[in-house]
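Database features (TrEMBL):
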| type | residues | note |
| --- | --- | --- |
| DISULFID | 50-88 | disulfide bond |
| DISULFID | 66-84 | disulfide bond |
| DISULFID | 69-97 | disulfide bond |
């Protein structure tokens, strides 16, 4: 758990540039995804055991990771966003989403995205 928290904090620091710069969207290939603004969540139930709720910038980055993942895979997994946030983001779905948004190879038009999706989907059902 401690290594996961350190890795997430490091990733959030690097990915946090999206929050400090005037950028409010993320581009994957030709698709632009609007990122969430840091704000207090009024309607969401707070998890008292989740330290990320107290650190709004890190929580926002983690929410954005789940949102990007949801935008790309919700047609196959309807509850992806809530499953990604489960257990204070400490689950295999969040880790798969983190790998998905941090991959280095861009998706090109016509590239076999189904291979990536099937690999992604397989990790959800095998966990």
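One is the number of the first residue shown, and numbering goes on along the chain from there.
In case you wondered, yes, glycine gets a Cβ from its N, Cα and C as well.
Shown on the structure are the features that TrEMBL records.
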residue : record         : Cβ contacts under 8 Å, 6 or more apart
50      : disulfide bond : 88, 89
66      : disulfide bond : 80, 81, 84, 85, 89, 94, 97
69      : disulfide bond : 80, 81, 84, 96, 97, 100, 101
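For the disulfide-bonded residues listed here (84, 88, 97), the lowest count of other CB atoms within 10 A around the CB belongs to 88.
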